[in-house]
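Reviewing the structure listed below.
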Amino acid sequence: MNVQIFILLLIISWLTPKITSLPPESQVLDRSSFPDDFVFGTAISAFQSEGATSEGGKSPTIWDYFSHTFPERTNMQNADVAVDFYHRYKDDIKLIEELNVDAFRFSISWARLIPSGKVKDGVNKEGVQFYKALIDELIANGIQPSVTLYHWDHPQALEDEYGGFLNPQIIEDFRNFARVCFENFGDKVKMWTTINEPYVISVAGYDTGIKAVGRCSKWVNSRCQAGDSAIEPYIVSHHLLLSHAAAVQEFRNCNKTLQDGKIGIVISPWWLEPYDSTSSADKEAVERGLPLELEWHLNPVIYGDYPETMKKHVGNRLPAFTPEQSKMLINSSDFIGVNYYSIHFTAHLPHIDHTRPRFRTDHHFEKKLINRSNHETGPGDDRGKIHSHPEGLRRVLNYIKDKYNNPIVYVKENGIDHYDDGTKSRETILKDTFRISYHQDHLKQVHKAIIEDGCDVRGYYVWSLFDNFEWEHGYNSRFGMYYVDFKNNLQRYPKDSVNWFKKFLSRPVVRSEETEDEKVCNVSRKEEKINKALDVSEGFKTSVDSIVNLIKNGSRIEEEDDEEERDFCAFKNHNDQLGFFLKLQNSLGF
């Protein structure tokens, strides 16, 4: 027994440096590190990818109008063709399948389904058929469709008729659009998103005017033809929230949707840190800013009202919900979708021009990419506009958990861009090691949020499947895992991140049967395996044959059954070695 103890201690002393030298968590995470039902996916949106803007009965959207009427505001580019997903979706689905993802998130073009925006004017059968074919093709390839109803592209006809989301009429039109979607696709789609990023729609479209519909106060942005940055962002968000609630009502009342189907809203928070970490004023600015990033659109869909800090700072410019509207909003999201990219530093604004109120200054702070110590929010330089700050995602997830009693959360977008002004070679852009690092680091934070913090996170979607039309940046901002050659027939090329994700998401091959030869595992083969495993240590002076013979002839060790022998013979790495020797320890009675 003393000899056996000595041998065991010798083995453990040899294994200890091997165990402590294992790679860090970010390098060893893979699909199996996450819960079994965790969903991995990728995403696109209709306007950014489909193209075929005048085909199949589709009418112009607000982005068609914006990019054609004000081309200087979209980098002199438009999405008339985009990446031609409308015609190439079958080939693109093969690319999705090769990634080993579980789900694919896409949006339905309201203008393709109901060209006038109003159901009374008719539903476009070609549009219905396109999305049915897309959904069927995804399912046939083992990919779950995840559908977004509104990704910023309502029909221009509604803008011309009554001002789009500035007018409450749009709530019923959106309700009807949603019902058409549920009736036609609800029997095959389990996961639905109502509104994608209401914050961006409201602020970029109506406070800064940099995105469609391009409205703002003239003194904010001289390119804006009309608008009021003091009130329109709040009005638009109000109607977006009520449109969300109306769609959820239709979803829950529709007998054609799957019983286990889920519907929710998707927000786009940037985590905030103080510009000056020693300044109490900047810390208080963060406390005012986070409710805008997170609570502005979550409080209503969970509690039925806006956060108190917004009521305090915006006053009567913030619309109020009626009791009936509040009731409709409460618990109207089965899950919370989070699109996360990075963080901002937040500085207190001590002086505000009260004669020129606007959303960006109502809460007395401004956002910055560099803090007082001249540190950026994360790695980025001239590579692109997104800086990597993965810890912010974990903080966002914990904020939601703590504030809203740990609801179900899906990370619906996470990604990083590569700026391309046309001078970079394809080969340069294909080597996107920064993107691999970005996703490794963010997945590590998601994993920590689940395992260490107890956040109920159920999925992670990469933005985006391929390079596409990136709104005001045109085609210069490349977020895709697949490179699209916009100069040569839109050919797709996998970036290095594609191969990384394939490996990360690969599943072990399960073999249903073993041959008789594979079941036979004799003593000599055991000795060979152990010899290979242990001989990697030059300092291991003890004869492996002696250890094996001692173990083999030990009075207290019984012959293992076939399954245990297969396990014994199969170990190939240090983790397997450790498992074997722990078995040995138990068998010796220690």
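Glycine is treated like the rest: Cβ placed from N, Cα and C.
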Inset, instruction - From the candidates Cys216, Cys254, select the one that Swiss-Prot records as forming a disulfide bond with Cys224. - result: Cys216
Inset, instruction - Name the one residue among Gln48, Glu413, Trp463, Trp471 whose Cα is closest in three-dimensional space to that of Cys224 (disulfide bond); these are the recorded positions. - result: Trp471
Inset, instruction - Provide, as an integer number of angstrom, the distance between the C-alpha atoms of Asn371 (N-linked glycosylation site) and Trp471 (beta-D-glucoside binding site). - result: 28
Legend entry - Collapsed DSSP category at Trp471 (beta-D-glucoside binding site): helix
Legend entry - Separation of alpha carbons, Glu197 (active site, proton donor) and Tyr341 (beta-D-glucoside binding site) (Å): 13
Legend entry - DSSP-derived structure type at Gln48 (beta-D-glucoside binding site), helix or strand or else coil: helix
